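A.B. asks: This is the feature table in Swiss-Prot:
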ACT_SITE  Y199  active site, proton acceptor
BINDING   49-73  NAD(+) binding site
BINDING   S186  substrate binding site
SIGNAL    1-32  signal peptide
Amino acid sequence: MGMSDIMWLDVSWAWLVLTAVLLAAAVFYLYTLILSHLAKTTVRNKVVLITDSLSTVGNECAKLFHAGGARLILCGSNWEKLEALAEQLTSQSDPTLTFPPKLVELDFSDMESVPEVISEILECFCCLDVLVFNSSMKLKAPVHSLSLQMDRLLMDVNYFGPITLVKGFLPSLISRRSGHILLVNSIQGKLAMPFRTTYAASKHAVQAFFECLRAEVQEYGITVSTINHTFIKTSSSIPKDEITARSMKTDHRQTPLGVSPKDVATELLRTLSSKKKEILMARWVPKAALYVRSLFPNLFFAIMAARVSNTVAETPDD
């Protein structure tokens, strides 16, 4: 093979790589356009309520739905942060194509205030089109170290809060014979892990409630969807110079098994369009764990017990 043949091969490979890169860029651009159009057609002019809109997932949902022209009801426990979020949304959007969001202070740890919140929202909006239940309180600790007061608090935030809210809005949804209820839930609603007793219990409870609700309201034209995700990837609170192999094991926000808040928000939008009933956002390891739990329960129990033993062995004495 002569020098000219080698140069010709190099040029051919360069053109092949360039074509592949341009094709990938074109596909990504087309995907972005389709997603943008989907947002506009799916939530345009619809009244959308988002609980815990101050969380990472809630924030991404607010951005995506606001850009799509939804009439947002943003709920959160901190009024100042809600105002800051609303200011951010309105300053970054075209006022002729979007609506200023309605802000509602909502804290599921104060269950006595929830009926007032329901009345306030129904007075402002006679009906709701989409309800996104995104509130969640996380806790990881040995069961013997948790007080009953903490157990009740987790159940209020993760279970009693969402079901109280959905019961308050359900009569108006049934009377209109339309609506879409979305539960953003953890994979712990399907798979219980050690050191997350009350958290997993609350997620199992709310998962079961919404699955029963789905069957009961289908005849009224109401769709109920559940999205079970693995760990949400966010910026770690551990300083870079203090990150160790052990902290990487326990700080799940750094693990490659997690999903990004933006991915969850995008999946919510797709679900609104497709009306899919159940979505599992997980990599192959969590999915495999679900199958092992169903098909080989004794093996799963042994693995979980071994994980507990390893955790105890790695814990240094105080």
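A Cβ is built for glycine as well, from the same backbone N, Cα and C atoms used for every other residue.
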A.B. asks: Tell me, how many other CB atoms lie within 10 A of the CB of S53 (NAD(+) binding site), whichever protein chain they belong to?
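C.D. replies: Its Cβ shell of radius 10 Å holds 30 other Cβ atoms.
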A.B. asks: For L49 (NAD(+) binding site), just count the other CB atoms lying within 10 A of its CB, please.
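C.D. replies: 26, counting other Cβ atoms within 10 Å of L49 (NAD(+) binding site).
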A.B. asks: Would you kindly give the Cα-Cα distance separating S186 (substrate binding site) and S53 (NAD(+) binding site), rounded to the nearest Å?
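C.D. replies: Checking the Cα atoms of S53 (NAD(+) binding site) and S186 (substrate binding site) gives a distance of 17 Å.
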A.B. asks: Quick one: of V57, C61, which of the binding-site residues has the smallest count of other CB atoms within 10 A?
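C.D. replies: Among the binding-site residues V57, C61, the lowest count of other Cβ atoms within 10 Å belongs to V57.
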A.B. asks: Counting all other Cβ atoms within 10 Å across every protein chain shown, which of the recorded positions F65, Y199 scores highest?
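C.D. replies: Per the Cβ count, the most surrounded site is F65.
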A.B. asks: At a 10 Å cut-off from the C-beta of I73 (NAD(+) binding site), count the other C-beta atoms across all protein chains.
C.D. replies: 25
A.B. asks: If you measure G69 (NAD(+) binding site) to S186 (substrate binding site) at Cα, how many Å is it?
C.D. replies: 28
